[in-house]
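According to Swiss-Prot, the features are:
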- Asp272: active site (ACT_SITE)
- Arg110, Asp183: substrate binding site (BINDING)
- Asp184, His296: Mn(2+) binding site (BINDING)
- Cys150-Cys161: disulfide bond (DISULFID)
- Cys179-Cys242: disulfide bond (DISULFID)
- Asn42: N-linked glycosylation site (CARBOHYD)
- Asn149: N-linked glycosylation site (CARBOHYD)
- 1-4: topological domain 'Cytoplasmic' (TOPO_DOM)
- 26-340: topological domain 'Lumenal' (TOPO_DOM)
- 5-25: transmembrane segment (TRANSMEM)
Amino acid sequence: MKITYVGLIKVCFLVFLLLCATVLLNISWRQRDSSQSLQHCNSTCSAKYLETKLKEAHLTGRHKKWETYRLDAKPTSATGQGHQHFAKEPLQIKDLFIAVKTTKKYHGNRLNLLMQTWISRAKEQTFIFTDWEDQELRQKAGDQMVNTNCSAVHTRQALCCKMAVEYDKFVLSDKKWFCHLDDDNYLNLHALLDLLSTFSHSTDVYVGRPSLDHPVETVDRMKGDGSGSLKFWFATGGAGFCISRGLALKMSPWASMGNFISTAEKVRLPDDCTIGYIIEGMLDVKMQHSNLFHSHLEHLQRLPTESLLKQVTLSYGGPDNKWNVVRVNGAFSLAEDPTR
């Protein structure tokens with residue numbers, strides 16, 4: 001019995017030695033294969049090898065399929081403030097929904113200017129939202145004039161009422177971009193298309209110019225119990241702003257079918273501030289700040305003349321500051337062309 005037990009131990013020891021030898025041999029062969037692969041990689045990944053293959057590709061024409069995919073392409077500044085974006089999609093005027101907010105007393109002096117200038121180049125894309133059924137304007141604009149039936153008084157409620165109608169009409173359209181303007185804005189359509197073409201309408205885009213140099217802080221009446229505060233940026237409506245369709249649809253719970261008015265009442269903010277509240281405060285989407293939009297609150301004479309063609313919107317001073325206009329050299333004097 002003892003002899004059998006000792007013999008079994010010897011057999012097990014021999015089997016163990018054989019297994020160890022097999023493992024060592026496998027490790028040795030794998031290291032050899034790895035060394036050969038590394039040598040092959042070093043030879044085919046060298047700069048000299050790649051340059052040779054690149055020349056061969058140019059000679060055979062095989063590179064043409066990929067020549068538009070430039071890894072070293074430099075993005076261009078889109079918003080005019082250092083923000084950089086790659087071009088996403090071709091854009092045409094027909095893809096825009098341009099909403100112009102106005103009121104009865106400005107149908108004559110302000111709207112006539114717009115109808116004679118930039119609106120004439122985008123008649124089918126521009127909708128005029130007003131508070132009075134003006135038959136003369138109806139004849140000029142047709143169905144592009146929208147009587148909101150909102151109050152003509154310049155109050156938060158009246159402004160939000162018009163913005164609510166603007167939003168709902170855009171959502172019902174098939175347009176890719178919603179752009180809001182005031183009736184004292186001049187719109188450079190080419191510059192607007194250049195700007196929006198750098199984004200995708202299916203992504204979350206909210207672009208405009210803030211009127212303040214800091215975010216607004218207000219009581220958070222929507223998310224919490226009203227004891228906390230919320231900070232957010234908003235694009236001033238006086239300079240104009242644009243929202244992508246993808247983002248506009250996400251705003252629906254707080255903006256569609258009259259909800260915009262109730263949201264504005266809860267947070268007690270005007271129309272453009274409420275837009276920023278919904279986008280930044282509720283949806284947590286950051287506004288794209290752009291200095292290509294301009295309102296009458298700016299010192300417009302400081303804009304360099306050579307940069308005017310690059311600006312998306314321009315404006316002019318009101319009765320209290322009628323000389324606040326851009327500097328433009330031309331055949332007409334300031335008295336003849338007061339809004340420039």
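Heads up, the Cβ atoms here are built off N, Cα and C, so glycines get one too.
Annotated features taken from Swiss-Prot, shown on the structure.
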residue	record	Cβ within 10 Å
Arg110	substrate binding site	19
Asn149	N-linked glycosylation site	12
Cys150	disulfide bond	23
Cys161	disulfide bond	22
Cys179	disulfide bond	24
Asp183	substrate binding site	18
Asp184	Mn(2+) binding site	22
Cys242	disulfide bond	27
Asp272	active site	22
His296	Mn(2+) binding site	21
Practice problem: Calculate the distance in Å between the alpha carbons (Cα) of Arg110 (substrate binding site) and Asn149 (N-linked glycosylation site), and round it to a whole number. | Solution: 20
Quiz item: Of the recorded positions listed here (Asn149, Cys161, Cys242, Asp272, His296), which is spatially closest to Asp183 (substrate binding site) when Cα positions are compared?
Solution: His296
Exercise. Determine, from DSSP, whether Asp272 (active site) sits in helix, strand or coil.
Key: helix
Quiz item: C-alpha of His296 (Mn(2+) binding site) to C-alpha of Cys150 (disulfide bond): distance in Å?
Solution: 24
Practice problem: Consider the recorded positions Asn149, Cys150, Cys161, Asp272 and say which one has the Cα lying nearest the Cα of Cys179 (disulfide bond). | Solution: Asp272
Exercise. Let me know the DSSP-derived helix, strand or coil state of Cys161 (disulfide bond), please.
Key: helix
Practice problem: Would you list, in sequence order, the recorded positions among Cys161, Asp184, Cys242 whose CA lies within 10 Å of the CA of Asn149 (N-linked glycosylation site)? | Solution: Cys161
Quiz item: At the Cα level, what's the spacing in Å between the residue listed as 'active site' and Cys150 (disulfide bond), rounded?
Solution: 17
Quiz item: Cys161 (disulfide bond) to Asp184 (Mn(2+) binding site): how many Å between their Cα atoms?
Solution: 19
